[in-house]
Amino acid sequence: MMLHIPQVLSKAKVAELRALIDAAPWVDGNETSGTQSALAKRNAQLPEGSPAATQAGEAILDALERNPLFVAAALPQVVFPPLFNRYAGGEAFGLHVDNSIRQSRDGRTRIRSDLSATLFLTEPEDYDGGVLVVEDTFGAHEVKLPAGDMILYPASSLHEVTPVTRGARVCSFFWIQSLVREDARRELLFQMDLAIQQLGARIGADAPELVSLTGGYHNLLRMWAEV
């Protein structure tokens with residue numbers, strides 16, 4: 001399941017984070033690449049664990065905790081500390097799959113990457129190219145979102161970033177270990193959650209039918225969750 005989550009960050013918050021990270025030193029993006037990814041990756045990245053990356057990452061994590069759409073879709077158990085990349089001057093990231101296990105440089109965080117997330121920090125009209133292309137069984141999906149919006153997709157997906165031919169594309173990217181590792185099960189729970197919310201608005205949260213459906217949701221989550 002791919003999901004566009006709008007306005008994870010306000011425009012003012014995006015501007016605040018951009019001022020912070022733009023003033024910080026950047027390094028070769030391959031510092032965090034696996035062997036195969038390093039062959040396809042050309043970009044710059046904020047050093048993992050740097051003061052700017054840590055401060056900006058904490059702001060993003062705070063925003064995610066308050067975002068009900070993200071919580072419902074991802075069912076997050078652990079969110080990897082957000083990283084930051086920048087593409088400019090023809091830089092790109094060829095077709096690849098993210099590593100199945102991610103470990104932070106300090107060794108404090110080690111997760112199974114169930115979901116990948118890209119949070120856009122540049123307005124789409126400010127750069128050419130830089131399209132995130134995610135492949136699944138239905139084909140290739142092109143993603144280029146407003147600053148502050150985020151795309152969430154299975155980490156098992158083949159994906160790439162096309163060359164940036166004008167301007168610079170700055171994003172945050174990170175991975176999520178979900179309480180429910182299988183994408184199909186997560187999607188079913190997400191659809192049930194949305195239906196419960198919509199029905200609650202129409203018939204009332206205390207309607208017997210809704211109480212029964214909510215119980216079914218939690219029993220499925222109980223059956224599938226890994227904690």
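Glycine residues also receive a Cβ, built from the backbone N, Cα and C atoms like all the rest.
The Fe cation binding site annotation in Swiss-Prot covers His96, Asp98, His159, and the record cites sequence analysis as its basis. Residues annotated as 2-oxoglutarate binding site in Swiss-Prot: Arg169. What Swiss-Prot lists as domain 'Fe2OG dioxygenase' is 78-178, and the listing cites sequence analysis.
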Within 10 Å of each Cβ, count the other Cβ atoms, then let me know which of the binding-site residues His96, His159, Arg169 comes out lowest. His96
What's the CA-CA gap between Asp98 (Fe cation binding site) and Arg169 (2-oxoglutarate binding site) in angstrom, rounded? 20
Could you measure between His159 (Fe cation binding site) and Arg169 (2-oxoglutarate binding site) for me? Cα positions, answer in whole angstrom. 16
When you measure from the Cβ of Asp98 (Fe cation binding site), how many other Cβ atoms are you left with inside 10 Å? 18
Between Arg169 (2-oxoglutarate binding site) and His96 (Fe cation binding site), what C-alpha distance do you get in Å? 19
When DSSP is mapped onto helix/strand/coil, what comes out for His159 (Fe cation binding site)? strand
